[in-house]
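In what follows, a single structure is set out as structure tokens and then discussed.
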Amino acid sequence: MPEKENKIKKKNFRCKAHVSSFKTDGLCVPKSPLNVKWGDFFEDGKMPVNIDIGCGYGRFLFNASEKIKGNILGIEMRKPVCNYVSLKLEKMKNENKTHRNVSVVNSNAMLFLPNFFTKASLENIFILFPDPHFKKSKQKGRVLCAQTVAIYEFLLKENGKLYISTDVKSLFDDMKRDLLDSKMFKEVACISMKLDEKTFEEKKELSLFEMTYMGTDESSRAGVKTGNVYASFFSVLK
């Protein structure tokens, strides 16, 4: 089959940008971490120590896999989007023999992380360009809010890191406040900047932190929309 016909196209996997934060139907929900067969996700059968919450179409997930140690799992609620990432991974693993440390699961991270992971088992958690839920009545559905901070603290190892990024200033301020007010995290680095084509052209090689605000599908669109991105990462206090 010609390469053109064999290409996996995003347009064939489009769906609503936002789904209910409390969605449970049709998702992968193991009874407990003991019931997760990581061999179904990774060739080495090891539990991932890095997770990308709301991984979208996987640009950051694919690129970050080359910068981090251990396995990384993308968690995505939208089934068509999850299918796209899964097919892309299968293609890369089969044809290029790469990305062996990457996998994806169709689940709800806000509700079910403790069903997958045990206490102090994760090294890095990435929450990049999450749904801002602008309406006050909807903000309890934010994946990072005052109610969810303790879950991330529980799952991270000593010196574990939590990364956040967004193009919405008010959301960024709220996420930072919730993390710092909890006294469970300390900020390590923070940046706000304007993105344009020149920025991407000048930055050929990105660090892991730079990837969180310049190396995602959403960061590319942010330059078109607002032009602004805000990012920070935190170390857990244990």
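Any Cβ shown, glycine's included, is placed from N, Cα and C.
What TrEMBL records for GLY54, ASN108, ALA109, LEU128, THR216, ASP217, GLU218 is S-adenosyl-L-methionine binding site. Under the three-state DSSP scheme, ASP217 (S-adenosyl-L-methionine binding site) falls in the helix class.
DSSP assigns ASP131 (active site) to coil in the three-state reduction, placing it in neither a helix nor a strand. As annotated by TrEMBL, active site applies to ASP131.
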Discussion item. What whole-number value in Å do you get for the largest C-alpha pair distance within GLY54, ASN108, ALA109, LEU128, THR216, ASP217, GLU218, the residues recorded as binding S-adenosyl-L-methionine?
Written reply: 20
Worksheet entry | binding-site residues: LEU128, GLU218 - member with fewest neighbouring CB atoms within 10 Å | GLU218
Item to complete: Give me the non-local Cβ neighbours of ASN108 (S-adenosyl-L-methionine binding site): same chain, 6+ apart in sequence, Cβ-Cβ under 8 Å, ordered along the sequence.
Response: SER21, PHE22, LYS23, THR24, LEU27, VAL29, ILE75, MET77
Response to the item:
DSSP, reduced to three states, assigns ALA109 (S-adenosyl-L-methionine binding site) to helix
